[in-house]
Amino acid sequence: MTTVKQQPDRLFAQPVQQVPDFVFNEDVVRVFPDMIKRSVPGYPTIVENLGVLAARFAQPDTALYDLGSSLGAVTQALRRHVRTERCRVIAIDNSPAMVERCREYLHAQDSMFQELLPVEVIDADILALEFQPASLVALNFTLQFIDPAQRLALLGRIRQALVPGGALILSEKLRFEDAEEHALLNELHLDFKRANGYSELEIAQKRSAIENVMKPDSLEQHRERLLAAGFSKVVPWFQCLNFASLIALP
Ligand code: GEK
């Protein structure tokens, strides 16, 4: 077991000549819980309630997928709330640094609580995955990092894997088709980051690091694409500023 400590996110605090594209490496892993809480409005509420929602959809003899699991926050919430028998969680991320740390955290959860759902953490690309029959799939702020040209096919494969009565829960940063709404919610998001202690330099450098890597869609695009992928119903259940979470039913 490594002894890497969690740290406050100061990754973009020092000025650099050219900001490199954002990657989920060991530096990010060290600060990730702090970074995501201070950057994504509503993140702790979404994660905990994802576990609560999942308990309604989870079915025996199926898998619960946490796609783009990072440090396993969603997986841990699933294990706190789902009591369905013979379910297992499959957490997948293609960052080896994330996967290694995620396994440590889940090991710690295992040693503190009994009768948790079994979990497997896989270092893999979710685009190359062969899905097993699933009752719950979580894409918690992951689809926005997938090549836009691959998104429909991925959602189609998820739809095919879902058993009747199951659900996909999709959380994303949104852009807005109305320019005024887009500008207002983006400004309010910057205020949220300032209120959480990020400087103007940190905000600007993070933005240039992430803009080639993360491509948000609008709610309308998500809805249309989910329907095109074969989902029958899309129900938004949470929005805080320009971050939202949707339930998509097969
Ligand atoms: C949470 N869900 O804490 N295959 C596998 N993993 C991928 C891929 C891919 N093709 N592309 C990106 N990732 C988490 C937060 S973070 C969101 C998710 C954020 C992984 C990537 O390595 C990273 O760990 C995660 O998706 C996105 O609820 O940092 O804003």
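For all residues, glycine too, the Cβ spot is worked out from N, Cα and C.
Per TrEMBL, the features are:
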type    : residues                                                                 : note
BINDING : TYR43, GLY68, SER69, SER70, ASP93, ASN94, ASP125, ILE126, ASN140, ARG207 : S-adenosyl-L-methionine binding site
DOMAIN  : 66-166                                                                   : domain 'Methyltransferase'
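Within 10 Å of its Cβ, the residue among the binding-site residues SER69, ASN140 with the fewest other Cβ atoms is ASN140.
Every protein chain shown contributes to the tally, and the Cβ of TYR43 (S-adenosyl-L-methionine binding site) ends up with 19 other Cβ atoms within 10 Å. Sequence-distant neighbours of ASP93 (S-adenosyl-L-methionine binding site) (same chain, 6+ apart, CB under 8 A from its CB) are PHE24, GLY68, SER69, SER70, VAL99, CYS102, VAL121, ILE122, ASP123. When pLDDT values are averaged over the domain 'Methyltransferase' (66-166), the model yields 96. Its Cβ taken as reference, ASP125 (S-adenosyl-L-methionine binding site) is surrounded by 10 other Cβ atoms within 10 Å in the chains shown. When DSSP labels each residue, the domain 'Methyltransferase' (66-166) comes out as 46 helix, 25 strand, 30 coil, counted as helix, strand and coil in that order.
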